[in-house]
Every structure is written in C-alpha cells, then in structure tokens.
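What TrEMBL says about this protein:
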type	residues	note
BINDING	93, 110, 196, 197, 198, 217, 312, 313, 314, 329	iminosuccinate binding site
BINDING	157, 286, 376	[4Fe-4S] cluster binding site
Ligand code: SF4
C-alpha cells in the first residue's frame with residue numbers, strides 16, 4: 001500500500017487554524033499517553049461514551065517504540081515485515097489511519113479482513129489493525145494454530161460494548177417470560193436473536209445457541225428475511241440504526257420497532273408493545289456515524305448542486321432517508337470507483353476512509369459530510385509504534401496481545417456466522433437493492 005492521505009496532518013492543520021474545531025485536540029497526543037491517563041475510549045468520536053469497567057487496558061510499551069520518529073517506525077516496520085515474510089499477515093480496516101494502512105497486506109471491512117485471514121493459512125500470526133471484535137472474528141475463522149494479535153488492547157469498539165452478554169442474557173430471559181420459549185406447529189419461534197458483526201464473540205455465540213444469526217451491513221436485509229422465515233420477530237443488537245434503517249426499507253412500520261433499554265424492566269416497554277413488535281432494537285449506536293445530520297446534507301446540497309450523498313446505514317434514519325443512497329464501506333468505495341464522470345460525493349462515514357478515497361480519486365470531488373475531523377476513537381489507538389512493537393516481538397519469538405475466543409463460545413459463534421453465509425437474498429431483497437447497502 002502507498003501513503004495516500006493523512007488524517008494526522010489534517011488534524012494538525014485544523015488545530016492550528018481553528019483551535020477546538022476538532023472533536024478533541026487531544027487526538028494529537030500519542031495513544032500511549034492516553035492509555036496511561038484515561039480508562040475510557042479516549043479522544044475521538046466515542047470520547048463521551050461510557051466504557052465498561054472490564055474494557056481491556058493497554059500496558060506501557062517499550063520506550064524505543066514510544067520515542068521513535070515516524071520515519072524510524074516506518075523503516076523498522078518494513079524491515080520486520082520483510083524478515084517475517086509469509087509468517088505474518090497484517091490486516092487493516094478501512095477506518096484505520098494511513099500511517100498504518102501503508103503497511104498492511106489487506107485493507108477492507110471487518111468481514112472481508114476475517115476472510116483474508118482465513119485464506120492465509122501459512123501465516124503463523126495475523127496482526128489485525130482494527131478493533132477488538134474484529135480480531136475475535138479473525139480468531140473464529142482462522143486456524144487454531146494461528147495467533148491473532150491486536151496491536152493495542154485498548155482498541156475496542158464503543159458500539160460493540162453497548163450490548164454485553166449479561167445484559168443480552170437478561171433481556172432474553174425477560175422476553176421468554178413475555179412470549180414463552182415454544183415454537184409453533186410450523187416451527188416458527190416467537191423471537192430470533194440477530195447480532196451485527198460489530199459485537200463480541202460472546203454475543204455471536206449467544207445467537208448461535210438460540211437459533212439466531214449474525215449480519216453485516218452488506219447483508220442485513222437478507223439476514224432479517226432469514227430470521228422472519230423462522231420467527232415472528234427479531235431482537236436486533238447492538239446497533240439500533242442499522243436495524244431500523246434495514247427494517248424500514250423492508251416495509252416494517254416504526255411503531256413495530258420498539259427500543260430495548262437494557263437498564264429498564266422489559267427494556268422500557270409494555271407487554272402489549274412487545275407483543276406487537278416485529279423488530280426489537282437494542283439501544284446501541286456508533287458515535288462516529290451518529291455525528292451525521294440532515295443539516296449537513298442540506299448544506300452539502302446548497303454548496304454543491306448535483307452532489308451525490310452516500311451515507312453508511314449506521315447513520316440515524318433521517319440522515320439515511322435524506323441521502324441519495326446508503327451503503328457499507330465497501331458499497332461506498334465501489335460507488336466511487338464506478339462513477340464514470342467526474343462527480344462530487346458527500347460521504348457519511350469515518351474520516352480516514354473518506355480522505356483515502358479522496359486522495360485515490362482526484363478526478364472526483366469527495367468530502368466528508370461532517371466538517372469536523374473526528375475519527376473513530378478506538379481505530380485511532382492503533383499507532384505505527386504498536387505495529388512495530390507487535391512485529392518486532394514476533395521476530396524475537398514473542399506473541400504479544402493475542403486475542404483468543406474460548407471453545408465454548410467459538411463453536412456456537414461459528415454456527416451463527418455459518419448461518420449468515422448460507423442465507424441467500426430473496427428476489428424481494430434483490431429488487432430493493434437492500435443488500436447493496438451494507439458493510
Ligand atoms: S466506527 Fe463505530 S462501529 Fe466502527 S469501530 Fe468505531 S465506534 Fe465501533
């Protein structure tokens with residue numbers, strides 16, 4: 001990969017020109033400084049989200065990595081990768097900073113990257129430059145002897161953390177009391193659990209154990225159809241927006257989509273509301289995509305007549321409704337690549353991907369709908385210093401920050417993933433193009 005754009009440089013420019021205009025000027029701090037002083041997600045879009053007390057912390061890494069210049073880290077990463085050769089594969093999510101992406105073997109969304117890991121069976125180690133649930137998925141799909149490494153353990157995901165296994169087990173217990181746990185004579189269950197890929201392996205395992213399934217933002221409509229062929233309703237977690245946007249596009253009314261607040265009895269709903277529900281939406285969200293607004297779209301249309309607005313389905317429903325289209329990171333990338341004529345695109349997704357797309361496609365005008373540079377807090381925690389540390393540790397025969405999913409969780413989690421892979425879009429989903437809009 002070649003260096004195409006730098007959010008680091010953009011943040012510096014904005015900070016110099018208009019102090020306070022970034023989400024937080026602390027973004028410019030080295031992540032190890034943040035790790036040492038903060039227990040939350042750190043600066044960036046998730047700064048205000050409450051992190052669970054059990055969220056992993058990253059211990060201090062050796063000073064040689066903290067103190068090295070960017071040039072020295074680049075040189076050391078290249079040298080370590082060259083020496084390790086086929087023994088290691090480095091994966092980078094679309095939202096990762098370019099200072100890291102330039103060193104990865106594959107860049108993609110979480111599921112594409114997990115599959116890339118699966119395909120590289122000769123690699124002893126998979127270094128996942130993404131966040132915790134992605135490394136868990138790579139561990140689920142890779143061979144048992146392959147070690148999956150997350151360079152900074154503090155790189156979690158605030159959305160995934162909004163539904164933990166204890167809360168979901170408790171919600172399920174309450175729902176079973178309301179609905180009963182029986183299937184009818186046609187084999188139809190009262191409720192099917194569906195978890196977004198952006199969730200812990202424990203939740204994927206929960207779905208596997210309870211007749212449920214995983215979805216991505218690429219296949220959410222297909223997965224909901226799969227679930228409705230087996231159940232009267234769906235419990236969808238953790239992202240309310242992907243659930244609502246997908247179900248609405250399938251013709252389900254908002255009145256049939258109550259929210260489940262895990263801090264309230266019955267999620268804050270009456271038994272009557274739950275009886276009439278088709279999709280019960282967990283009260284989770286992505287703080288990156290929550291930042292996008294219809295006012296930003298109005299401004300883009302006023303300032304750039306003819307602009308094509310594409311947003312991610314993790315954005316709130318009014319934003320998705322006001323956009324020209326919605327789709328996954330991969331859908332956004334392909335839409336831009338497929339535009340034959342120079343086009344102006346306003347994009348509603350994470351800034352690192354938008355800046356990279358803009359640098360890679362100079363024939364188009366591409367900008368982020370949100371004028372404030374506010375990257376994903378946790379993706380941003382992966383710094384080249386951590387990558388250099390992970391690689392050079394491998395050279396020394398040491399595996400640091402290995403992410404493993406225990407067998408009791410892995411088995412049902414794989415079942416839920418296999419159900420997703422086997423689910424096929426119906427002609428209705430294909431006609432809606434709903435699955436073109438996914439992650
Ligand atoms: S962009 Fe949102 S969903 Fe993705 S890792 Fe960051 S907080 Fe989680």
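Backbone N, Cα and C define each Cβ position, glycine as well.
Mapped onto this structure are the features recorded in TrEMBL.
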residue: 93; record: iminosuccinate binding site; DSSP class: strand
residue: 157; record: [4Fe-4S] cluster binding site; DSSP class: coil
residue: 196; record: iminosuccinate binding site; DSSP class: strand
residue: 286; record: [4Fe-4S] cluster binding site; DSSP class: coil
residue: 312; record: iminosuccinate binding site; DSSP class: coil
residue: 376; record: [4Fe-4S] cluster binding site; DSSP class: coil
Just name the most isolated of the binding-site residues 286, 376, going by other Cβ atoms within 10 Å of its Cβ.
286
What is the nearest of the binding-site residues 157, 286, 376 to residue 312 (iminosuccinate binding site), using the Cα of each?
286
Express the distance between the Cα positions of residue 157 ([4Fe-4S] cluster binding site) and residue 93 (iminosuccinate binding site) as a whole number of Å.
13
Relative to the mean position of the Cβ atoms of 157, 286, 376, the recorded [4Fe-4S] cluster site, which additional same-chain residues have Cβ within 8 Å?
45, 46, 95, 131, 158, 159, 160, 198, 287, 288, 350, 377, 378, 379
What binding-site residues in 93, 157, 198, 286, 312, 376 place CB under 6 Å from ligand 1?
157, 198, 286, 376
Other C-beta atoms that fall within 10 angstroms of the C-beta of residue 198 (iminosuccinate binding site):
27
When the number of other CB atoms within 10 A of each residue's CB is tallied over all shown chains, which of the binding-site residues 93, 157 has the maximum?
93
Compute the C-alpha separation of residue 198 (iminosuccinate binding site) from residue 376 ([4Fe-4S] cluster binding site), stating it in Å without decimals.
14
